[in-house]
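First the structure, in the form of structure tokens, and then the observations on it.
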Amino acid sequence: MSKVLVLKSSILATSSQSNQLADFFVEQWQAAHAGDQITVRDLAAQPIPVLDGELVGALRPSGTALTPRQQEALALSDELIAELQANDVIVIAAPMYNFNIPTQLKNYFDMIARAGVTFRYTEKGPEGLVTGKRAIILTSRGGIHKDTPTDLVVPYLRLFLGFIGITDVEFVFAEGIAYGPEVATKAQADAKTLLAQVVAA
């Protein structure tokens, strides 16, 4: 039995193309892998706090007593990392907002990037500690950006996930959704076709 973590990050709730792909993934995965356990975390509905000067002190051990707010942040970070480590397949619904990922997803990454916990520094350079995972990225975009300099989402996600140890990463794209209903419908249908193949693989 595999455990699957689905992370949603769109601010558009049920109107979101990436959230619709995430829901489709869950349906397809449950049908193909009935015994697997799926956890869905909506980072927009349950937002992660923005890392600031106070909260960063909670994630970097210094021996100083933590404030109540820092204690809450550290407990949340521990919870998120434990959840990440406990799952085998990590599905990230990552729409493109202004050429990059949503703030909600960046806040999540800031809360799980902890030296000595999800990565460590060695004489040979940084080493990721979140290993043995498969990541599937569902990314929707208003325009056409795949394989162009305007796509900052793919290289960033590959870099960050690889940094913490997740190197098995595949992408499913839904592009051109702002070009009109017909284009959006086709983009969603094409993405679902590919996603069904990914689930079956």
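If you go along the chain as it appears here, the first residue is 1 and each next one adds 1.
Cβ from N, Cα, C; glycine included.
The following features are taken from Swiss-Prot:
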- Ser10, Ser16, Gln17, Ser18, Met96, Tyr97, Asn98, Phe99, Ser140, Arg141, Gly142, Gly143: FMN binding site (BINDING)
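Packing around Met96 (FMN binding site) is summarised by its Cβ count: 22 other Cβ atoms lie within 10 angstroms of its Cβ, all protein chains included.
Taken residue by residue with DSSP, Gln17 (FMN binding site) is part of a helix. Candidate binding-site residues: Gln17, Asn98, Ser140. Fewest other C-beta atoms within 10 angstroms, Asn98. In this entry, FMN is bound by Ser10, Ser16, Gln17, Ser18, Met96, Tyr97, Asn98, Phe99, Ser140, Arg141, Gly142, Gly143, whose most widely separated C-alpha atoms sit 17 angstrom apart.
Around the Cβ of Ser10 (FMN binding site), a 10 Å sphere holds 25 further Cβ atoms from the protein chains shown. Counting only same-chain residues six or more apart in sequence, the Cβ atoms lying under 8 angstroms from the Cβ of Gly142 (FMN binding site) belong to Met96, Gly176, Ile177, Ala178, Tyr179. According to DSSP, Gly142 (FMN binding site) is assigned to coil rather than to any helix or strand.
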